[in-house]
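J.: Okay, these came from TrEMBL:
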DOMAIN    25-204  domain 'tRNA(Ile)-lysidine/2-thiocytidine synthase N-terminal'
BINDING   SER30, GLY31, GLY32, PRO33, ASP34, SER35  ATP binding site
DOMAIN    258-314  domain 'tRNA(Ile)-lysidine synthase substrate-binding'
Amino acid sequence: MAKRALGEHALAVVQAVRAVPDAPVVVGCSGGPDSLALAAAVAHLGLEARALVIDHGLQPETADVAVRVREQMQPRGLPVEIRSVHVDPTTDSGPEASAREARYRAFDDATAASGDVPAGTLLLGHTLDDQAEQVLLGLARGSGTRSLAGIPPERSLPGGGRLLRPLLGLRRTDTERACTEWGLTPWHDPHNDDPAYTRVRVRHDVLPVLEDHLGPGVAEALARTARQARDDADLLDELAERHLGDIPDELPVTVLDAPTPIATRVLRRWLIVHGAAEPGHDHVHAVMRLVTHWRGQHSVEVPGLRVGRRGGRLVVMRD
């Protein structure tokens with residue numbers, strides 16, 4: 001397909017993608033406006049890339065959506081791979097979380113190093129609006145600095161690949177208008193309008209009210225908050241790692257004689273290494289009371305294990 005002059009919003013998406021490193025690229029594409037605009041920008045730049053569409057089979061139209069992505073991207077020179085994954089809707093975490101886990105497993109597999117093929121880079125189309133919503137959700141949970149840091153712009157994948165989110169500085173309206181400028185027809189997932197989901201209520205009810213009462217720029221301010229919180233959280237995590245050093249089987253309580261943000265991170269890290277399943281704020285502080293309010297009390301249950309105190313050390317209690 002011959003290239004033509006880019007419209008204002010399509011150009012903004014292309015500029016955001018220019019910083020992507022020169023490596024095999026996989027674009028996670030749902031067919032929605034964000035990921036479709038991202039895929040079109042990658043195609044425009046001529047990167048060594050392919051789009052990957054995950055068909056969860058949770059909605060009857062998803063197979064057709066995947067085909068439409070292929071029909072729109074292949075003429076632009078971007079190969080499209082469609083993978084069907086099994087999602088168990090009966091899990092305790094629910095179908096949405098199960099679908100997300102299946103999707104990221106497929107993404108990791110697609111970008112993992114294999115033989116002479118180096119690990120690739122996964123691009124996802126999250127925007128500034130997604131970031132603002134995530135910060136509000138983290139604030140509502142009251143789960144600390146890392147939660148307020150929102151969606152990370154990049155991270156490592158288990159298979160050695162790298163995940164990048166180059167559109168976090170753009171609004172959702174930018175990607176929607178970019179699709180119009182490119183002549184693309186995105187899919188609008190009905191789940192994105194279903195008020196049964198908390199994120200949807202934040203998107204359609206909470207953020208507009210904040211904008212109405214506080215003035216424009218709330219989403220941008222929330223995104224700035226995420227960047228600042230992420231910088232703070234990264235520094236605190238690094239200081240905690242240095243303070244803990246090698247992770248012992250039994251944790252001397254003297255190690256936790258540190259400022260609270262460091263001590264709680266040290267303790268949480270120790271719990272996770274010894275088998276705790278994502279201990280939250282309340283779990284960490286319940287264990288911390290074995291140090292700060294020690295009165296010979298019983299052990300403390302956290303998800304996945306039980307922790308007690310023996311003399312001047314915290315220990316994992318074995319049955």
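Backbone N, Cα and C define each Cβ position, glycine as well.
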J.: With every protein chain in view, how many other Cβ atoms are within 10 Å of the Cβ of SER35 (ATP binding site)?
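T.: Result for SER35 (ATP binding site): 24 neighbouring Cβ atoms inside 10 Å.
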J.: Relative to the Cβ position of ASP34 (ATP binding site), how many further Cβ atoms are located within 10 Å?
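T.: Its Cβ has 26 other Cβ atoms within 10 Å.
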J.: I need the neighbours of the ATP site defined by SER30, GLY31, GLY32, PRO33, ASP34, SER35. Which other residues of that chain put their C-beta within 8 angstroms of the C-beta centroid, in sequence order?
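T.: Apart from the listed residues, the neighbours are CYS29, LEU36, ALA37, LEU38, GLY125, THR175, PRO186, TRP187, ASP189.
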J.: How many neighbouring Cβ atoms, not counting its own, are there within 10 Å of the Cβ of GLY32 (ATP binding site)?
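T.: Its Cβ shell of radius 10 Å holds 21 other Cβ atoms.
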J.: Who sits close to SER30 (ATP binding site): which same-chain residues at least 6 apart have their Cβ under 8 Å from its Cβ?
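T.: Long-range Cβ contacts: VAL53, ILE54, VAL65, TRP187, ASP189.
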J.: What is the number of residues in the domain 'tRNA(Ile)-lysidine synthase substrate-binding' (258-314) that are helix, strand and coil, as DSSP sees it?
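T.: So the domain 'tRNA(Ile)-lysidine synthase substrate-binding' (258-314) is made up of 26 helix, 11 strand, 20 coil.
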J.: Excluding near sequence neighbours, so keeping only residues 6 or more apart in the same chain, what lies with its CB under 8 A of GLY31 (ATP binding site)?
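T.: Listed in sequence order: VAL53, VAL65, ALA66, ARG68, VAL69, PRO186, TRP187.
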J.: Taking DSSP as the reference, which of helix, strand or coil describes ASP34 (ATP binding site)?
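T.: ASP34 (ATP binding site) sits in a helix per DSSP.
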J.: Tell me which residues of the chain lie with their Cβ under 8 angstroms from that of PRO33 (ATP binding site), as long as they are six or more apart in sequence?
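T.: Listed in sequence order: ARG172, THR175, GLU176, ALA178, CYS179, PRO186, HIS188.
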